[in-house]
Amino acid sequence: MKIVKTFSFDLAHMLDGHDGKCRNLHGHTYKLEVEISGSLAQGGAKDGMVMDFADVKACVKHWVAEPFDHAFVYNRHSERESRLAALLQNWQLKTVAMDKRTTAENMAQHMFCLLRQQGGLNVSAIRLWETPTSYCEYTGANHD
Ligand SMILES: [Zn+2]
């Protein structure tokens, strides 16, 4: 059985070195779908559930939706993005560092790992919508 819960948050990023307009600082309203697989609990308070939607919500909010919302998400290996992040941090503004370029694909992979490893969620897929017509899906299989 699979359950899916959807979240939404806004963030700013830039793709340093991109050959188009995404090299500029800009933002998106992302939609995140978190899919969790498992068998149904038997008995007790969670009888008949893969996982309580309220518990999914609390975990995803804590590890992803709240930290990323209205943050500048940047690639710590990009000098220009890191300099911009340092400026914002000096002003006590919100930033999130990643180890890779902040494409939707890399962010989906990063969020998948955060939720599985830090959040302990049995995530089977992440779908990250960058625009209403563009999304990527990451399932952890072979890390591609
Ligand atoms: Zn973008």
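In case you wondered, yes, glycine gets a Cβ from its N, Cα and C as well.
Record check: TrEMBL places H26, H28 at the Zn(2+) site, and the matching candidate among H13, H18 is H13. Of C22, H70, E130, all annotated as active-site residues, the residue with the shortest Cα distance to H28 (Zn(2+) binding site) is E130. The number of other Cβ atoms within 10 Å of the Cβ belonging to H70 (active site, charge relay system), over all protein chains shown, comes to 12. Residues L11, A12, M14, C22, L25, G27, E130 surround the recorded Zn(2+) site, their Cβ atoms falling within 8 Å of the Cβ centroid of H13, H26, H28, which are themselves excluded.
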